[in-house]
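Asker: Look at TrEMBL and you will find 7-27, 47-67, 88-108, 128-145, 157-179, 191-213 tagged as transmembrane segment.
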Amino acid sequence: MALIPSQVLRVAILLSYFSILCHYKALDMPAHQTYGGSWKFLTFIDLVIQAVFFGLCVLIDVSSLLTKGGDSREQERQLRKLIGLRDWMMAVLAFPVGAFVVFTFWSLYLYDRDLVYPRLLDNFIPQWLNHGMHTTVLPFIIIEMRTTHHRYPRRSLGLAAVCLFGIGYILWTCWVHQVTGVWVYPVLERIAPLARVVFFSVMTVVICIFYVLGEILNSYIWDQPHTEKVKGE
């Protein structure tokens, strides 16, 4: 039996994302005042995705409790729709985007932090908030995957959706540069145009890899032997 009910964990995670988003939006950073505001940063977009996803999870938990024991087919149908949306968000957005943000941020940070997180930002963003944006995202989403079985879409459809998200963000980044003359991330300023094309292509492949890894991890956790083990804990 779990030490902490999954419903309580989801509420706690949701509240933590609300806290992180509120503190982040309260920062007086010059980048927030320029074109695109916080929405030009994938980290912020990911935080919104995670908050919406866990908000949906909490809504499903509450709805399940309210409809428990009832015989309304309409309520059950609406609940199944919410569960389907939750599973789609987990597969296509919450896990691959969250894992991508954590992986790429810390990879570039360890190689040369000025490529993605210049030291100037230390004057604005406290360490706990940095980890809230770039570290805890991954364990939170793995906890959700560990406690709830999510049904993944057909792989071709899932990968197509992830690619659309990735390409959409790349086009958004290019548009922000077109308007402001400044790239969102310092690493893009330091490489040649052809190298940017290669960089964007590699990043798209990486986020697709994380989609497949999420699908594999979900299947590993919830195949029959592991499902029985989880239920027996």
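Just so it is clear, glycine is given a Cβ too, placed from its N, Cα and C backbone atoms.
Locate each feature and note its surroundings.
Answerer: When Cβ-Cβ distances below 8 Å are used as the criterion, the transmembrane segment (7-27) is approached by residues 38, 44, 47-48, 50-51, 54-55, 57-58, 61, 124-125, 129, 132-133, 136, 140, 143-144, 147 of the same chain, each at least six residues removed from its ends.
Listed as Cβ neighbours of the transmembrane segment (157-179) (distance under 8 Å, sequence separation of 6 or more from its ends, same chain) are residues 35-36, 40, 42, 45, 91-93, 96-97, 188, 200, 203-204, 207-208, 211-212, 215.
Sequence-distant neighbours of the transmembrane segment (191-213) (same chain, 6+ residues past either end, Cβ-Cβ under 8 Å): 91-92, 95-97, 99-100, 103-104, 155, 158-159, 162-163, 165-167, 170.
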